[in-house]
Each structure stands twice: as structure tokens, then as C-alpha cells.
């Protein structure tokens, strides 16, 4: 399928919208009430610091809603305003934040049901309005909705679209796309649908396995056993690793993505030499500015003397998980929560350690003067961060 031609055709359809409906002022009040916070604004103005009795709060200097998320949420609100009575669907969570998605449900936005890991579009009919979320949708889903006669509102983040353009460039030049991402993440699923031949690597360890295989140090059966669910149909590691381009899920750790890019550049240089490098490796620049800024701010925050860290965001939010990873790697006692209600008045906290299920921990806030670092993922509203801080203040006063 010529995905580039399909996108171009879709963008010219009168049933497709990716620019909103000119109703920004009409929804501004609702967005402000639901998501913004005067407390967070004052903390920003005070050098990202709040001192309250024995509690000292240190906010990361970049956190929370990025402009791509703000755009997607605003477009969803505009869509409901523009189509007040039409049946309105969204193909997935608009962003990875439970409170935002709950607000959409309250606006009678229906989420495409998922049965055994497969989306069920059987209830979607001609004339329905369907929102594509911030991290996009697969080209097959777009094609299905277009053929069904739906009105499509595309809130895909432009940074994600940039990655799609990158893998389409790889495909056009018959390069295999090495995608740094999580195989089942919605963004990576969408990106791979626009690619030709592709292989998804989770981290530097998996990238090293691929690099070793390219240089002749690997077993084909073992390789395919590991990557069989992370590659394009018919992928052949003996043929499809000769020409590589690198792309990434925009919410992955920036430093790791850069290391993976350098690893494959060195690998292809070693195999093919400097004169042929450009024929076998395509450099890339698909790292999202907002993701980079939040990670950089987190690295700065963990340099401060902190007693503990609270990271706020959806448990399925990749960028939030990576912020938690930064704190853990620095040896800081850190808690990933998705809602303020995870912090209880009895000084316990329900949180999700890296790679584990939810656990409850007692004696969350220590006695005496305590310095708490706080950050939040790109899908977390300031209002949610405010409510977390209010709970911390209450705990510091009562315990």
C-alpha cells in the first residue's frame, strides 16, 4: 500500500479534519476549569518551589501537558461542540491520563471496544465522527474509517507524524526501519503501519543483539525467536539488515535513542566502511522536543537533595515511565501514581514500581522536614498535580 498517497488523498477529503473547527474560545473555559491550576502557576512563579511547614516541594521545570497533548484535548472538546448530537467515537485513549479520558466519557465520547487485544469497529457506521488520538492510529484503521464514510478528526501530534514521514522515507529508499519503541504501544503500532520492512527494538540491549547479528555474531533461530513479534511480516534478518534507518517512538528515553542511533551507525561503518556508509545507514532526528525537555528537567531535578520523588501520569504512559526510570537510576525513593487518590490520609500510598504491579506502601511521607520532588508526564494536567500537592500538604500537617 502506498501510505503516502493514501494520506495525501485523505487530507483532501471533506470528511477529514486535522486543524480544529475554529471553536477554541468556546471551549477555553471548560479546558481551563478542568485542567489548569492557579497553585501550579504560583509555584512556577516562585522558582518551581513551595515551602509549607515541614514540607518542601520541588517541581521539575518542564512537566505536564505538552503542546501536542493540549492540541489533541482541545480538538476533542471542539469536536463535541461542533457535533453536539452526532455519535462520537475515539479509536483509543486521547492521551494516557485517566482523568482526561473520563472527562471525554462524560461528554458522551465512546471508546472503540477492544476484544482480546483487537479493536472492534463493528459499531461504527457511516456519518459517525471518529477522533484519532494524539499518538495516532494505524493506516489500516484510517482506511477502514474512510471507507465506512466516517468523519475523521485527526489529533495526531505533529511530532508523531514526523516519525511516520521518516519511516516512509526509509521505505521509499528500500531501507529497513529500526524503530526504538515498545512493540504494543499505540504509537509504535501506528508508526510501523506506515513503514515497509521494520524491526522494533525496546532498548540498547536489544539493539546490541541486532548489531551483533549484522556483524555475523548471532544465531538466526535465536534471533527470530526473540524478534518474531517485533518485525514486519516475512522479515529476513539475513537480507533485511543490510540497509538501515533509525526512528523512534517519540516518548522513549532521548539518550537511549541517541545511543541506539550511534550504535547502528558504528555497526554499518564497521561492516561496509566509510565510503559506503551513506548507502547503508540513514541518520535520523525524530526525538520529540517536549519529551526531551521533560527528561532534561528531570535530570536536573534529581541533582537536587530530595527525600523522595512523586511521578504523576498514566501507568500506560511511556514518557511518564521513563521519568520514573531517571529517578530510580539515581537511587531516589520514587513513586509513580496515576491519580491523587493513590495517596491516602493514613500516610500510605498505592503506586506502581517499574515493571511491577500496583503495591501499597505504608509510612509514605517521613517525619521531620521532607523535600519532595514532583514531575508529571506529558499527558498529566496541572490540576491533577495540584491535587497531589494538596494531599502532600495535608499529610505533612497531620502526620
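Every residue, even glycine, has its Cβ placed from backbone N, Cα and C.
Long-range C-beta contacts of residue 288 ([4Fe-4S] cluster binding site), restricted to its own chain and to partners at least six residues apart, with a cutoff below 8 Å, comprise 66, 68, 157, 159, 250, 251. A coil conformation is recorded for residue 288 ([4Fe-4S] cluster binding site) in the three-state DSSP classification, outside any helix or strand. Under the heading [4Fe-4S] cluster binding site, Swiss-Prot lists 66, 157, 288.
If you look up Swiss-Prot, you'll see 96, 185, 317, 318, 319, 379 marked as dimethylallyl diphosphate binding site. The local packing around residue 96 (dimethylallyl diphosphate binding site), expressed as other Cβ atoms within 10 Å of its Cβ over all shown chains, amounts to 29.
Marked as isopentenyl diphosphate binding site by Swiss-Prot on the basis of sequence analysis: 96, 185, 317, 318, 319, 379. Around residue 318 (dimethylallyl diphosphate binding site), taking its Cβ as the centre, 25 other Cβ atoms fall within 10 Å, counting all chains. DSSP assigns residue 318 (dimethylallyl diphosphate binding site) to a helix in the three-state reduction.
In the three-state DSSP assignment, the secondary structure recorded for residue 250 ((2E)-4-hydroxy-3-methylbut-2-enyl diphosphate binding site) is coil. Swiss-Prot lists 96, 185, 250, 317, 318, 319, 379 with the feature (2E)-4-hydroxy-3-methylbut-2-enyl diphosphate binding site, giving sequence analysis as the kind of evidence.
Taking the Cβ of residue 187 (active site, proton donor) as reference, residues of its chain lying under 8 Å away and at least six apart in sequence are, in sequence order, 135, 136, 160, 181, 249, 250, 251, 318. The active site, proton donor feature in Swiss-Prot is assigned to 187; the stated evidence is sequence analysis.
Take the CB of residue 250 ((2E)-4-hydroxy-3-methylbut-2-enyl diphosphate binding site) and look out to 10 A: across all protein chains shown you find 29 other CB atoms.
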